[in-house]
Amino acid sequence: METFMLEKVRNIFLEEFGRGGYWEAMGRVNNRTKASASGAAGKSEMRRMSNADRSAYFARREAAKVLRRVLEGDAQRRAIASIKTLVYAPSVRNKKGTFALVCKTLKYLPVIKDVVEAADLLSNKWKRQKELIYVIMYDILLGQKTHLAGDAEKFLMRQQSALQSAVTQLLSKKKANNIEDLIARGDDGPGVSRPRFVRVNTLKMDVHTAIEELGKRYAVQKDDMVSDLLILPPGSDLHDHPLVADGSIFLQGKASSMVAVALDPKPGWEVLDACSAPGNKTVHLASLMHGKGRVIACELNENRVKRLRHTIKLSGASNIDVLHGDFLNLNPKDPSLSKVRAILLDPSCSGSGTAAVRLDHLLPSHAEGTISGDDLERLNKLAAFQRKALAHAFSFPAVEKIVYSTCSIHQIENEDVVQSVLPLAESRGFQLDTPFPRWQRRGLPVFAGANHLLRTDPVEDKEGFFIALFKKKQNTTNPFPRSSNRDKSSRYRGGDVCNSWAVACPPTKISKLWLYQYALSTRTRWRKNHPIQN
């Protein structure tokens, strides 16, 4: 019976956390201790727990896993994923409980760390699970104080005397009346009421039907600029909604949804999404093209490619080809890329414009509210990559439109990048165009033409995005270009093949002499291909 219960508890942990999480939850103890602890938990602790207590038990461990990834990424100044993305992953079952625990633990983390250090709680055994200790500490000091079952919980409960002493000393040192007074960062973050934006995936559902379905539970409005975007009241929780689960709607902010619309790809076009994961903008492109044509989704990171494929599968799009590779290494002369008419470039950036949405204000690195030397170095590296990627986009022979976008508020990643490539863009026949002309917030006035750029504000517009639209000048493309002897099969934008003896179109106006010469050459070519039959 004991062996059966041990195996049952082990399977529960494996199901909840995966194999790695199982060893974390069990503390990487030896086999004898592991069997004893699991057996005891399976026989007594688990049976005595109510459903709510059992849910809280697992939520603490799920929260610890999320907290570990968040803190590791923050320490390296590279966000692996946002808190919401990690919490709302399919593997997390108790999403609401886990989300609350992660946010509250992060909010009080400075105090929790001070108490843990003063009480000397992180021995060699528990140091490897310090995130779980932090989460349980929040529950003990400020949480609901539900039934605390589990080895880590029992360990901390046995340290109540040391904990109380540490808290008392900390309050005295900081001259505070309670723990709440020790939090210098105020409440849970920017007190901005944020509506929930929902983008309708028109490959699966039309906007009218989506409004009817969502309107059964929420007040729904259509956005005035993005035709497939809906606005729901703040606090609308749709993560478990059936329409989200089957890919009929995507939880995507307005600023993010504006990027693909700015590119405005037409059905039948070939479009390249240069840095495509996680894929929301990619599938939006396919939706705007009504599933016709071809979207090439390029992504370098293998794990992000998996996420991209999942998003594409969820959307139901059938005209997207995933290209696992580096956009900078793509050969524009490759025949498979020679017909790309539009490029969406949304490269890696600081993410500073979505810090509030990502809940970055809860992270330790944001406590000071300043940019460190490491952050400046990272911004410079990001900007260097962004400049190189945008310059590369202009080398594709058939491209007519390029959208460059970031979710950054920093000039170095936005206006400065655009300004640096303007000479190259103009030499290739491109000029800045104005996406969403009715939008009032434009680029910073740091160079002539910056008024064509688009910015959204992280406070006023809920997200901080930047969009630049480059369009090929119409008078730069000859209707009958001269083909070279080296490549007699090269195609111009109209799709016809020009022979080496074709007369070039003059740059200004078409003269009568040129028309006469062209007519003669056309007649000669026709007679050559259609000999008179006797």
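Cβ atoms are placed via backbone N, Cα and C, with glycine included.
Site annotation for S-adenosyl-L-methionine in TrEMBL covers CYS275, SER276, ALA277, PRO278, GLY279, ASN280, LYS281, GLU299, ASP326, and the matching candidate from ASP264, ASP334, ASP346 is ASP346.
Fewest other C-beta atoms within 10 angstroms, among the recorded positions GLY279, ASP326, CYS407, are seen around ASP326. Cβ neighbour count for ALA277 (S-adenosyl-L-methionine binding site) (all protein chains, 10 Å cutoff from its Cβ): 24. Secondary structure from DSSP puts LYS281 (S-adenosyl-L-methionine binding site) in a helix. Residues near CYS275 (S-adenosyl-L-methionine binding site) in space but far in sequence (CB under 8 A, at least 6 apart, same chain), listed by position: CYS298, GLU299, LEU300, PHE327, LEU345, ASP346, PRO347, SER348, ALA389. Annotation for LYS281 (S-adenosyl-L-methionine binding site): same-chain Cβ neighbours under 8 Å, separated by at least 6 residues, are SER256, VAL259, ALA260, ASP273, LEU344, ASP346.
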